[in-house]
Amino acid sequence: MSSKEGSGGFRKRKHDNFPHGQRKDEKNNVNSSSSLMVSFKSFQLELDTRHDKYERLVKLSRDITIESKRTIFLLHRITSDPNGEEILNESEAKLEAVRQKIKQVAQELIGEDMYQFHRAISPGLQEYVEAVSFQYFIKTRSLISVKEINKQLIFTVEDKEEETNTPSSNPHDKQPCTWSLKVTPVDYLLGVADLTGELMRMCINSVGNGDIDTPFELSQFLRQIYDGFSYIGNTGPYEVSKKLYTLKQSLAKVENACYTLKVRGSEIPKHMLADVFSTKAEMIDREEGLS
């Protein structure tokens, strides 16, 4: 047994040789006004401020995600509701409320490097891209660009005139305050990849409502998106390559629906088509899991 070990075979810690009262006295004798302590206190304040801002951004991102999902659920009703224009107007109002949340994010990031807080806001931005691109597809049957999305995320507010004893200045000299938040290319691609799952659900819902043309239109659109993601392949970010498998599954389900409509559409009653496609989709999922 070495000299550093006690009778029980445990190693002694270095500070065990010092009485507890002596360590406490040394702690009290620390000069709180020294330059070293002042520096560490400033570091503590900076880190606490950054952590608090990060938590606020996480909460805002969660609110953006929830409201964007509600917008997507609302847009899915357009396949069964005859008053589609009213649903689009309601979805636009919901997306405008989401943009106000994004405006708060932009205000939090004034003077900050966005990429230091990107992990906190990325899930919300991806869900927003999914919602706004879904609405854009329903309106135009095309894919919204990242440039168009970022154009909607520029917020301008005029400063209120400050009350001073001096005569009021010319109102034309007021400079508006502008906040903006740019969706990164990665967030845009991940949002578009999630959009394919919503388009697959839209395909199944439209068939269940007797719409035979929409699945073929969606199949062609999803094929174009899949071809675009295939060009990226494994050379892009890791998150994008992971979404490629889910995208391929959504495309396979839509193409299977089109195949069933083309080959057996006249044999199956329209009110049973959705059930047939749901069963085939489950079979595809099982086959993918075994392969």
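Glycine too: its Cβ is placed from the backbone N, Cα and C atoms.
A TrEMBL annotation is a machine prediction, not a hand-curated record.
In TrEMBL this protein carries:
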REGION    1-31  region 'Disordered'
COMPBIAS  16-28  compositional bias 'Basic and acidic residues'
BINDING   Glu130, Glu198  Mg(2+) binding site
CROSSLNK  Lys280  SUMO2 cross-link
CB contacts for Glu198 (Mg(2+) binding site) [other CB atoms within 10 A, all chains]:
19
In sequence order, which same-chain residues at least six apart have a C-beta under 8 angstroms from Glu130 (Mg(2+) binding site)?
Ser68, Ile72, Gly191, Val192, Asp194, Leu195, Glu198
